[in-house]
Amino acid sequence: MSETPWLERLRGGFKKTSDRLGDNLTGLFTKSTLDKETLDEIEDALVASDLGPSTAAKVRQRLASERFERGLTEAGVREVVADELAKILAPVAKPLEIDAFPRPQVILVVGVNGSGKTTTIAKLASLFLEQDYGVLLAAGDTFRAAAIGQLKIWADRIGVPIISGPEGGDPSAIVFDGVKKATAEGIDVLIVDTAGRLQNKRELMDELAKIRRVLGRLNPQAPHNVVLVLDATTGQNALNQIEVFKEVAGVSGLVMTKLDGTARGGVLVAAAEQYGLPIHAIGVGEGVGDLRPFNPADVARAIAGATGETQS
Ligand SMILES: Nc1nc2c(ncn2[C@@H]2O[C@H](COP(=O)(O)OP(=O)(O)OP(=O)(O)O)[C@@H](O)[C@H]2O)c(=O)[nH]1
């Protein structure tokens with residue numbers, strides 16, 4: 001895939017978010033001077049756009065200290081926002097890399113039901129296939145037959161093998177079989193789906209702990225990654241989920257999905273700022289090609305709606 005279409009998709013995906021920022025900023029540029037009141041209003045507009053109070057404060061500080069030779073414009077503010085966002089996103093942008101031995105590398109994928117977990121597993125698998133890695137999926141969400149069925153459909157569609165068992169079966173048994181199969185067949189990556197039953201935190205915690213124990217016996221370093229999938233449309237609730245899953249699953253990195261369907265894409269920045277967890281990729285659509293490792297500068301510009309023209 002060439003870069004330009006992806007960049008366009010990225011901008012399209014974040015359009016609702018950048019439009020919301022625009023709506024919040026509208027009407028703030030009627031005065032020629034940047035007084036305290038206007039700065040307050042701009043800061044509030046950024047917070048209202050889900051960018052988080054600390055990002056908003058940083059932008060405010062930059063605006064207060066900068067000289068705007070052509071007067072302050074909305075486009076000028078968007079450039080400053082993009083710049084500050086890029087600084088926050090750069091340290092957390094980290095593609096999911098398969099570099100350690102022994103194989104298989106095991107990736108546990110966690111998240112609440114409906115967050116986009118299954119789709120993300122398929123997207124990650126196809127990213128690995130593009131890099132010539134062998135991939136095996138494990139249907140570890142045995143709680144719902146539909147979850148197993150969905151994953152099978154995706155495995156078929158992208159052409160990767162899958163290990164699954166009956167509804168209600170023991171997820172750690174599936175994971176055990178998965179590691180055995182991957183080891184025997186020299187498969188590089190095992191991606192494990194897990195149940196997202198946050199309603200019963202204790203059971204979920206026990207289930208994940210058991211999966212970890214089983215994995216640890218086969219390979220002390222496994223799981224090599226625990227990826228939390230978050231639905232951006234849930235806004236601030238996505239931040240609470242990080243808190244909970246850090247506790248129940250020991251999250252090592254994030255994927256944020258559905259950034260195309262929401263005006264709340266700013267939550268990606270708030271997550272980066274508050275938790276500093278690696279963000280491996282973002283989902284901007286339902287297709288298998290709609291998940292890409294992200295370039296922090298491009299994402300920052302897409303969220304801010306910065307076009308490079310500082311004159312409105
Ligand atoms: N617009 C958009 N939709 C997405 C994205 N990722 C997933 N979806 C859609 O979100 C819905 C839920 O995705 P799933 O992958 O089934 O989510 P899940 O977390 O596995 O959900 P359960 O199977 O219910 O546990 C599906 O309709 C997906 O097509 C995305 O990045 N953008």
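Every residue, even glycine, has its Cβ placed from backbone N, Cα and C.
Feature annotations, reproduced from TrEMBL:
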BINDING   111-118, 193-197, 257-260  GTP binding site
DOMAIN    10-89  domain 'Signal recognition particle SRP54 helical bundle'
DOMAIN    103-254  domain 'AAA+ ATPase'
DOMAIN    104-305  domain 'SRP54-type proteins GTP-binding'
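It is ARG197, among the binding-site residues LYS117, ARG197, whose Cβ has the fewest other Cβ atoms within 10 Å in the structure shown.
Ligand 1 lies under 6 Å from the Cβ of the following binding-site residues, listed in sequence order from GLY114, LYS117, THR194, ARG197: GLY114, LYS117.
ARG197 (GTP binding site) falls within neither a helix nor a strand when secondary structure is assigned with DSSP, and so counts as coil. If you take the C-beta of GLY111 (GTP binding site) and look for same-chain residues 6 or more apart in sequence within under 8 angstroms, you find LYS117, GLY196, LEU228, VAL229, LEU230, ASP231, GLN241, PHE245. Under the three-state DSSP scheme, LYS117 (GTP binding site) falls in the helix class.
Around THR194 (GTP binding site), a 10 Å sphere centred on its CB holds 25 further CB atoms from the protein chains shown. When secondary structure is read from DSSP and collapsed to three states, LEU259 (GTP binding site) falls in the helix class.
Here the domain 'Signal recognition particle SRP54 helical bundle' (10-89) is broken down by DSSP into helix, strand and coil counts: 57 helix, 0 strand, 23 coil. According to its DSSP assignment, GLY111 (GTP binding site) is coil. Put plainly, the binding-site residues GLY114, LEU259 were compared by Cβ crowding within 10 Å, and the winner is LEU259.
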